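K.L.:
Here it is, the structure, as structure tokens.
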Amino acid sequence: MAEFSADLCLFDLDGTIVSTTVAAEKAWTKLCYEYGVDPSELFKHSHGARTQEVLRRFFPKLDDTDNKGVLALEKDIAHSYLDTVSLIPGAENLLLSLDVDTETQKKLPERKWAIVTSGSPYLAFSWFETILKNVGKPKVFITGFDVKNGKPDPEGYSRARDLLRQDLQLTGKQDLKYVVFEDAPVGIKAGKAMGAITVGITSSYDKSVLFDAGADYVVCDLTQVSVVKNNENGIVIQVNNPLTRA
């Protein structure tokens, strides 16, 4: 068991909160066959990357003017393969627990967590209208369309951090601590580059890959992560039976 404190929590979405790997791979494979691209080669580079970056790299002839290529693919993921999408175990409970003061059991006035995803707004927002409806979309929500540089660049996480600090009136507070939850090496690297504690989830990659990327803790899923204290002074997070390199 391990415990650490944090002021703000930042979450990746696909593979961290929502299990979308099967849906995404089916949609990408379909597109690969249409354009004669080797899916296995694409999958070496697609996870955690922005859709528009993958399209530019592997489908240079596809028309992505005004992101219409991105939207077409991600609508396919959201609708054609919705039956393969599920929540990462423990995700809903963890997010809901971050909304409650552990001392008073009352809902906090402002959320201390945000989403930072490489996906498009259409796809990312859709999960909060379906399988994450009970949680509801957070105010601070950074998508792949909101940043110039995708992960492993820390731009997305840094932007979410700054917006949360502004919303929570923490801009003048020094030595704030942050935690990033991620399933992809590029996301772990982005979190570390921002100076955050990083928790890797092995939904998409082996634990060794996440440790090599710099993960401070690695878990199988979010049932191993719980909030033991949450109030105006910060958050204390407990990681139960974290995985080890051995």
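Each residue, glycine too, has its Cβ placed from N, Cα and C.
Annotations per Swiss-Prot:
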- ASP83: active site, nucleophile (ACT_SITE)
- ASP83, GLU92, ASP146, VAL147, LYS148, ASN149: substrate binding site (BINDING)
- ASP83, ASP183: Mg(2+) binding site (BINDING)
K.L.:
If we count other C-beta atoms within 10 Å, could you say which of the recorded positions ASP83, ASP146, ASP183 has the fewest?
P.N.:
ASP83
K.L.:
Distance between ASP83 (active site, nucleophile) and ASN149 (substrate binding site) at the Cα atoms, whole Å?
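P.N.:
Spelling it out, the Cα of ASP83 (active site, nucleophile) and the Cα of ASN149 (substrate binding site) are 32 Å apart.
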K.L.:
To the nearest Å, how far is the Cα of LYS148 (substrate binding site) from the Cα of ASP183 (Mg(2+) binding site)?
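P.N.:
The Cα atom of LYS148 (substrate binding site) is 21 Å away from the Cα atom of ASP183 (Mg(2+) binding site).
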K.L.:
Cβ distance under 8 Å to ASN149 (substrate binding site), same chain, sequence separation 6 or more: which residues?
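P.N.:
Same-chain residues close to ASN149 (substrate binding site) (Cβ under 8 Å, separated by 6 or more) are GLU155.
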K.L.:
VAL147 (substrate binding site) to ASP183 (Mg(2+) binding site): how many Å between their Cα atoms?
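P.N.:
VAL147 (substrate binding site) to ASP183 (Mg(2+) binding site), Cα-Cα distance: 20 Å.
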K.L.:
What are the sequence-distant neighbours of GLU92 (substrate binding site), meaning same chain, six or more residues apart, C-beta distance under 8 angstroms?
P.N.:
LEU132, ASN134, VAL135
K.L.:
Largest pairwise Cα distance, Å, within the listed substrate binders ASP83, GLU92, ASP146, VAL147, LYS148, ASN149?
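P.N.:
Result: 32 Å between the two most distant Cα atoms.
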K.L.:
Between ASP183 (Mg(2+) binding site) and ASP146 (substrate binding site), find the distance joining the two CA atoms and give it rounded to the nearest Å.
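P.N.:
Roughly 20 Å, rounded to the nearest whole number.
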